[in-house]
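Per Swiss-Prot, these features apply:
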- U95: active site, nucleophile (ACT_SITE)
- C23, C26, C71, C74: Zn(2+) binding site (BINDING)
- 1-106: domain 'MsrB' (DOMAIN)
Amino acid sequence: MSFCSFFGGEVFQNHFEPGVYVCAKCGYELFSSRSKYAHSSPWPAFTETIHEDSVAKCPEKNRPEALKVSCGKCGNGLGHEFLNDGPKRGQSRFUIFSSSLKFIPKGKEAPASQGD
């Protein structure tokens, strides 16, 4: 069952360059390219966040396996975390809207970045 409507334009679905994905609204580091993997859904998929507080999580009503995720800094809606649905047993799958992300290529991060 799909949780989100797909309208196309998922520019980061098949994007696998080294770097860091940050919140498109505030620039907070969210995901490293090292945690990104190919998945059959139309949205970019990640296994983990860069920082423990990169995302805030809210239970999805009537769906215990899904959490709505938003930027841990500004609250921008990002997508969902699907528990135990990652590429390896016990891993989560973060299914994130490309429009909520901005990509920073490796070597172009801010000096304090811990991303990649």
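Keep in mind that glycine also has a Cβ here, set from the backbone N, Cα and C atoms.
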Assigned conformation of C26 (Zn(2+) binding site) - DSSP reduced to three states:
coil
Can you name every residue in this chain, apart from C23, C26, C71, C74, with its Cβ inside 8 Å of the center of the Cβ atoms of the recorded Zn(2+) site?
A24, K25, G27, Y28, G72, K73, G75, N76
U95 (active site, nucleophile): which of the binding-site residues C23, C26, C74 is the nearest Cα neighbour?
C23
Can you break down the domain 'MsrB' (1-106) into helix, strand and coil residue counts using DSSP?
6 helix, 43 strand, 57 coil
Along the domain 'MsrB' (1-106), what average pLDDT does this model show?
90
Under a criterion of Cβ-Cβ distance under 8 Å and sequence separation of at least 6, what residues of the same chain contact C26 (Zn(2+) binding site)?
C71, K73, C74, N76
